[in-house]
Amino acid sequence: MPGGLLLGDEAPNFEANTTIGRIRFHDYLGDSWGILFSHPRDFTPVCTTELGRAAKLAPEFAKRNVKMIALSIDSVEDHLAWSKDINAYNGEEPTEKLPFPIIDDKNRDLAIQLGMLDPAEKDEKGMPVTARVVFIFGPDKKLKLSILYPATTGRNFDEILRVIISLQLTAEKRVATPVDWKNGDSVMVLPTIPEEEAKKLFPKGVFTKELPSGKKYLRYTPQP
C-alpha cells in the first residue's frame, strides 16, 4: 500500500471537500488534538455502527480538546444522505448533521497519500476502498498513534477514547499507562526517573513491585 504516515510524522496540510465545506486540515485542527478516521463505504452496516458510536462519544472527545474528522471514497452528497441513517441508527432525529465532518475522497488522492487503501476490499469497479484507519495527531500536528483494521472488523471507539486519555496524560506527566489501564487507575513511573526524583515528582507515593530479578522497574503511582 503506497504512502502512509509513521509515528512522529507531521500531518500533511491537505485541502479537501467535506460535509461542512472545503477545509485545510491544519486550520481545521487549530491547536487541538485530532482524530482522522477512514471507513470503506457509506450506506454499509459496519460503518454505520462505527460512525454512530463515534457520534455518541463526540462530546467526550470534545471536552478533551479533540477534533474528529472522517473520510471515505464517497461524495459529500452521499455523506450527507448517509448521515440521516447514522442519526436514525442512534435513535435520534434523522438529519444530515453529525458532530464531525466527513471528507469526500472519491478520487482516492488522500487515501493513497496516507496509506489508507485496503487491497483486499474493492468497489463495484474493482478499485480498492479505504480501510478502517485511525490517525491521532497532537496539537503539534504530529502523528501520535495509528491503527489499521480491515473492512470486516469494526473498531472500538471506547478504546480510541481510552487511548486519547492516555496520550494526553503521558504527554503532560512523566508516566506510562500499563496493560488494560483505565482513566483513574494507577500509572507507571518511567524507568528513566531516579528513585529520589520520583519521590518528589509523585507526592501521592511510589509503590514498587518486588521481583525475582531484584530490579526495581515496576513502579506504580496514583494517576496524577
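Note that Cβ sites are derived from N, Cα and C of the backbone, with glycine treated the same way.
In Swiss-Prot this protein carries:
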type: ACT_SITE; residues: C47; note: active site, cysteine sulfenic acid (-SOH) intermediate
type: ACT_SITE; residues: D140; note: active site, for phospholipase activity
type: DOMAIN; residues: 5-169; note: domain 'Thioredoxin'
type: MOD_RES; residues: K209; note: N6-succinyllysine
type: SITE; residues: S32; note: site 'Important for phospholipase activity'
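This view paints the features noted in Swiss-Prot onto the structure.
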{"residue": "S32", "record": "site 'Important for phospholipase activity'", "DSSP class": "coil"}
{"residue": "C47", "record": "active site, cysteine sulfenic acid (-SOH) intermediate", "DSSP class": "helix"}
{"residue": "D140", "record": "active site, for phospholipase activity", "DSSP class": "coil"}
{"residue": "K209", "record": "N6-succinyllysine", "DSSP class": "coil"}
Checklist entry - Just the number: how many Å between the Cα atoms of K209 (N6-succinyllysine) and the residue listed as 'active site, for phospholipase activity'? => result 36
Checklist entry - Of all the recorded positions given, S32, C47, D140, K209, which residue's CB has the most CB neighbours within 10 A? => result C47
Checklist entry - Rounded to a whole number, how many Å is the Cα of S32 (site 'Important for phospholipase activity') away from the Cα of D140 (active site, for phospholipase activity)? => result 9
Checklist outcome for this item: Taking only the CA atoms, the spacing between the residue listed as 'active site, for phospholipase activity' and the residue listed as 'active site, cysteine sulfenic acid (-SOH) intermediate', expressed in whole angstrom, is 29
